[in-house]
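A.B. asks: Structure incoming, see below.
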Amino acid sequence: MMKEKKGIGESIKRLFKDPSSLVLVLTSFIFLGLFVIYPLIVVVFSSGFDSWGTFFSKPRYSKALLNTIVSSSLSAITATTVGFIYAYAINYSNIKGKKFFRFIAFIPLLAPSVMSGLAFLLLFGRGGMISQWLYSNFNFELDLYGLPGLWIVQTISYFPLAYMTITGVLRAISPNLEIAAQNLGARGFKLFRTITLKLALPGVINAFLLVAINCFADFGNPKLIGGNYSLLAVEIYGEIINNEPGLASVMGIILVIPALLVFWLQNKVLSKGSYQTVSGKPVSGLKRITTSKKTDAMLFTFNSLISLFIIMMFGITILFAFTKNFGRDNAFTLDHIRKVVFSSSSPAVMNSLVLSLVSAVLAVAFALVLAYIIVRKPFPGKKLLDFSAVLPIALPGTFVGLALIVTFSKGPIILQGSAALIVIAMLLKQMPVGYRGLTAAFKQVDKSIEEAATNLGANSRKTLTTVVFPMLQKTVVANFVYAFMKNMNTLSTIIFLITPKWVVAAVSIFNYAETGTYYWAAAVAVGLMGATLGTLGIIKLIFRSKVKIFDF
Amino acid sequence: MVRNKRNSGSVIILSVIVIVLVAGFFMYKSGVFGGKEKQKITVYSIFQEEEARKILDKFKAETGIDYDILRLPSGEAVSRIQNEMSNPQADFLMGGPADSHQVLKEAGSLEAYVSPNASDIADNMKDKEGHWTGFYLNPVAIGINENRWKEKYGDAPYPQSFKELTDPKFKGEIGMSDPATSGTAYTAVASLAQVWGDDEMLNYMKELLPNLKERPKSGIEPIQKAAKGEYTIGITFLGDQLKIKYQGNPITSIVPEAAGYEVGALSIVKNGPNTEAAKKLMDYMLTKEPGEIYTQSAYAVSVKDSVPIPEGGIDIKSTNYNSSYDLLKAAAQRKELQSALKDLK
């Protein structure tokens, strides 16, 4: 092997000797510079002093900010609590139906979070099924618009996120510690409090922060059920409509600050204080100490209630999609599905599918290129490239969409009105996740394996395609699936970027729900879930056991 | 990417299929297939999408012109069309108050087209040069919750004019959105100003204020809340009141003397991708059928006498509405009146 030489001059020289790598490096720099750094700069500069002044002088905006903080904290607390109990029940108790409960927690991931808002309206809104039933039987008027409704809906739509994060942590806790504690006399709640909860705490905090950030930038649900309870993401939307990109940018920046803070916290503080060990697999032969019968019963009831709620939400959506006007006319019909899913004038679901696939493929391909050059190729500006590749993960979707529309609707490059912006916005949100995963995977593939291949006569392309890529296959597929599902369901990232030709399903659901055309909203939601499930099914058929989908 | 022998074949075949399908979809979208016979028109709709689609489906059946549609609130539609002036995305703007269309006209975003079918529309309901054409009318009305009225005022007759609403017995019983922010409430006060003069309107609003329970942002809210019984009277557009009434609420609507009205309008976007089709759509919109479809679902009144009053609707000609309401004057006065209104209290 060549002797490694260090120094910027040397790395540039080597880069020029390897033109294909040079092209990759330059493309990455240009792409990230154009779509991450440049929009950020434009947003910061278009938020003039006037706009900052307006923002702080009008009580309306500070109220929106306060509301946003209050509601996302509340939702994050409850979603994390629910997620923790749910995960604890599945991982620590002897309850029956764990598979079923895992399946239930997976369902909300199939639909945009705004679908929870829609289902909530159908059940508890004015004229909702349960509200009507309460009114006619008990003369009780249910009014959950505003904070209460928002709180419930965000809890339900984000608890799976908390559940997944916390499950990962709970699984990594070695049973040895608990058994040791038990031998030392800790029992029941004390064992839970001093060992399990303590070990899981970093994960719980992480889950809380993740949910809080998601709620903070959530757009669809606050708009649907927030009522007069105004929130920052909704105000941004209003200012974009009012043609006030300056004010919108100010609020966008305010939205970004806590997100960046959380991002930093996750990277610096949590990773240091984590009790997880890398080889944290449960020691074989040792069985986890589980809960008592009484606790089991409580946990089972809790999980069943949550499941019931989720089933009700999806059930009512399906009922609305397949009946003329559920509650008033319960006749079965395929009309709605035909009109808004399978009609050439209403291609929203098709658009979602195509754009999500294209964007997910590009996101993973780009992540692969980035991870490859960052891990394997020496070149100047590596830190900067790495930073701008991970940065979008910390930016709320609303902000990404806002930055792209503010930047590319005026100025030297105009992309407004094309599908490209939608694809790019989705890509920016999902690429960093894949990039992180693939960087880690690349690092795990030992360089010596590649060197062995080279010594056996393979050139660098052959080494890549026959040795490295097969080893990364699982990560690539997993990230593709994740990006695809997220793309299908994204609303806040693309709400500003929609054009009449490229309306996507999540936006249709939101629009129909907002204007009260519930059966169409439900039909699009069902179509979207069908498309997602169908695609996942095909992926599962191809990759079989190599990809973890539908493994409950 | 995948070099596993067992499934590499199927993966390659599948990727080829997917790429062909995706590329085909993009080409279909950009109109490569079907040539010119299969035209498409792009519509921004401020109407509810369901009504717009009903009309556009009929249009498609008649002319073979397919459509893309995006529903937007009126403010967003206006700013979108203005922002897209260098590269217009839409051909046609359907619905929304004529004031919004007037804003677009003044910005130079609209194509002038006088449809032959517009000849029987009154002059104050269309733009002279044809930049926008009226489609429906919706007058401001006093909506009364009958049950709450009975509880509060027994058999007293319902108020028939705006002036009666300043009676102290209505303290806290009226809801009207804020004329400084809501188009609905602004239409009401602008019409009063035109009939009574600006000063008398302002005096009237001053007297009315103590009776207002609240002044919400959105125009439809007062009647929703009156229907729920939060107060007795809501001042909104008539169509909204009738809609809520037919959802099973005990609402009586009165269109009083000097009531202004909203004109819902249609316009063609300048330099849109398919202006020819947009003109065809404009002609079609001004025939009887679309008028019927819309007025029936929105309980509005068509600008054309040939379109019958929808079942359950109210013929505004039977009321004392302000038939000479000048919406352009109202738009011109807007800033000045709204700032005067903000000084009240």
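Sequential numbering from 1, following the chain as shown.
A Cβ is built for glycine as well, from the same backbone N, Cα and C atoms used for every other residue.
Dumping what TrEMBL says about this protein:
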- A:21-45: transmembrane segment (TRANSMEM)
- A:65-88: transmembrane segment (TRANSMEM)
- A:65-266: domain 'ABC transmembrane type-1' (DOMAIN)
- A:100-124: transmembrane segment (TRANSMEM)
- A:144-170: transmembrane segment (TRANSMEM)
- A:191-213: transmembrane segment (TRANSMEM)
- A:247-265: transmembrane segment (TRANSMEM)
- A:297-322: transmembrane segment (TRANSMEM)
- A:349-537: domain 'ABC transmembrane type-1' (DOMAIN)
- A:353-375: transmembrane segment (TRANSMEM)
- A:387-406: transmembrane segment (TRANSMEM)
- A:412-428: transmembrane segment (TRANSMEM)
- A:494-513: transmembrane segment (TRANSMEM)
- A:519-543: transmembrane segment (TRANSMEM)
A.B. asks: Given the transmembrane segment (A:353-375), which of the listed stretches A:21-45, A:247-265, A:387-406, A:519-543 has the most Cβ pairs that are under 8 Å apart from it?
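C.D. replies: Against the transmembrane segment (A:353-375), the leading stretch is A:21-45.
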A.B. asks: Which of A:100-124, A:191-213, A:247-265, A:297-322 shares the most C-beta pairs under 8 angstroms with the transmembrane segment (A:21-45)?
C.D. replies: A:247-265
A.B. asks: For the transmembrane segment (A:100-124) and the transmembrane segment (A:247-265), does the number of C-beta pairs under 8 Å, pairs 6 or more apart in sequence, reach 3 or more?
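C.D. replies: Stretch pair does not touch.
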A.B. asks: Taking contact to mean three or more C-beta pairs under 8 angstroms, with sequence separation of 6 or more, is the transmembrane segment (A:297-322) in contact with the transmembrane segment (A:65-88)?
C.D. replies: yes
A.B. asks: For the transmembrane segment (A:144-170), name the stretch out of A:65-88, A:191-213, A:247-265 with the most CB-CB pairs under 8 Å.
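C.D. replies: So the stretch in question is A:65-88.
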A.B. asks: Which residues, given as numbers and ranges, are at least 6 beyond the ends of the transmembrane segment (A:65-88) yet have a Cβ under 8 Å from it?
C.D. replies: 101, 105, 147, 150-151, 154-155, 158-167, 170, 196, 200, 204, 207-209, 211-213, 215-216, 218, 222, 229-233, 254, 299, 302-303, 306
A.B. asks: What residues elsewhere in the chain lie close to the transmembrane segment (A:247-265), defined as a C-beta under 8 angstroms and at least 6 residues from its ends?
C.D. replies: 43-44, 46-47, 51-52, 54-55, 61, 64-65, 209-210, 212-213, 216-217, 232-233, 235-236, 239-240, 393-396, 398-399, 402-403, 406
